[in-house]
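Each remark here refers to the structure printed beneath this line.
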Amino acid sequence: MNFELETLDLNGAAKEKCDALIVLLATSFKPGKDNLSILVAQALKAGDLESQSGKALVLYRPTGLACARAVLANVGEGSANEVSKAVKAAVLAVKAGNVKKLVICFAALPQEAPLRAAVTAAAEASYVFTTTKSKPEGRVIQRVVVAVSNSSGFKPVFDRAVAAVTGIEFAKEWANRPANHATPALLAGAARSLAKLANIKCEVLGPKQVERLGMGAFMAVAQGSEEPLRFIVLRYDGAQKSAAPTVLLGKGITFDSGGISIKPAADMDEMKFDMSGAASVLGVFLALAQLKPAINVIGLIPSCENLLDGRSVKPGDVVTSMSGQTIEILNTDAEGRLVLCDALTYAERFKPRAVVDIATLTGACVIALGGVRSGLFSADDQLAAALVSAGESSLDLCWRLPLDDDYAEGLKTSFADVANVAGRAGGAITAAKFLQRFAGKFPWAHLDIAGTAWKSGTAKGATGRPVALLLEYLLTSAK
């Protein structure tokens, strides 16, 4: 899908030939004398256009307009969130038709955030996954024109939004793939493909190299699968070599059965989404290649499957992590923290300015925050504030949760330096406390995306989160 930015007022939008014209109307809108304004005024007077934000009215072949369909969408006060809801509703109202060219017109000049929201919402509402379908019905909308009365100064923010969409959809593509279409080796292939782009390099380590590094925790998770593990290292070099990089660490469990601590059968298919953290890292790197910001970023992806086998790690086994700390594995379904802890130790060699890990880590985080906000954990107030701000700006929200030392009491064990689980209470926090033990040499944050990485039910599928949050954080830090 191609996005374009054009300067069009309402009069110009009325003359634009397209399959659908979406007009975004704030409550402050004052109709003029052009054909489109007259149409809006008539709809308001008749009560056909609801005053509630996010509501849309579809008109077919409206008189005086060049479009095949006009959609009048209420954006309330015009905030980014209201624009996002309105655009999604409008696109959903027309996408079943043969809409190839779509024009989204702001009736009044927007702020930057609502314009970005319109781009990302149009992409989300029209997204279709087709990779594993024999006769796919692909995305109908091919061209989206975003129209404002004066586009001067909007090009940088527009390009940023389009790059974010590109990254989000790349993350969705890989997270949505079934596990047999997204093995660790195939995921590594996707990372290697990114190395063809500007400023990106990729290195992939296999089992022997990981063993030499002493990543005993990562290897313990992988040993129950016939699919060999991969440790993916991506580099985006946009600044001088002397500039300390930010490290993004994505959990890459391409399928999680739970191991011997096996998961219930219901919804186990959704465990293909357990590599959504890794997918988000890939998406961010694709967006970085498009935008070329002056920063350095490292992407780390420990990838493997967590399956049952005669060689699978057993509850009670003790393994030695790359840091030298020993871990008693009391629950083999708490495997994400095991692959992440070795990757956190590996991150030390880059002397990073910050490390952010992204993982579908705990069901406890889903219980705490649902599917609205990702869980954020960090002992660094500045880093936490920057990530929260990035989430607010990008509408990819997170919520900071505590990391009090008392929460780590449950991780104590008589048989190793630390256990991989505590009790049920505060499970998202105790998981973060486990990771914190391996992140003492750099500013660190943990994003638990177990509730936000995908949707279940009739809308089942990856969301591409938190690509937008991470990209916003990186671009802001580059200023």
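Glycine too: its Cβ is placed from the backbone N, Cα and C atoms.
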Residue among D256, D405, D406 sharing the Mn(2+) 1 site, where Swiss-Prot lists D333, E335 as binders: D256
Further Mn(2+) 2 ligand in Swiss-Prot, beside K251, D256, E335, within candidate set D237, D267, D269, D274: D274
Nearest-integer angstrom distance between the alpha carbons (Cα) of R337 (active site) and D274 (Mn(2+) 2 binding site): 12
Cβ-based isolation winner (fewest other Cβ atoms within 10 Å) among the binding-site residues D274, D333: D333
Residues near K251 (Mn(2+) 2 binding site) in space but at least six apart in sequence (CB under 8 A): D274, M275, S276, G277, A278, P302, G336, V339, L340, D357, I358, A359, T360, L361
8 Å Cβ shell about K251, D256, D274, E335 centroid, Mn(2+) 2 site members excluded: V221, I253, M271, M275, N306, G336, V339, A359, T360
Least Cβ-crowded entry, counting other Cβ within 10 Å, from the binding-site residues listed as D256, E335: D256
Among K263, R337, the most crowded of the active-site residues [Cβ within 10 Å]: R337
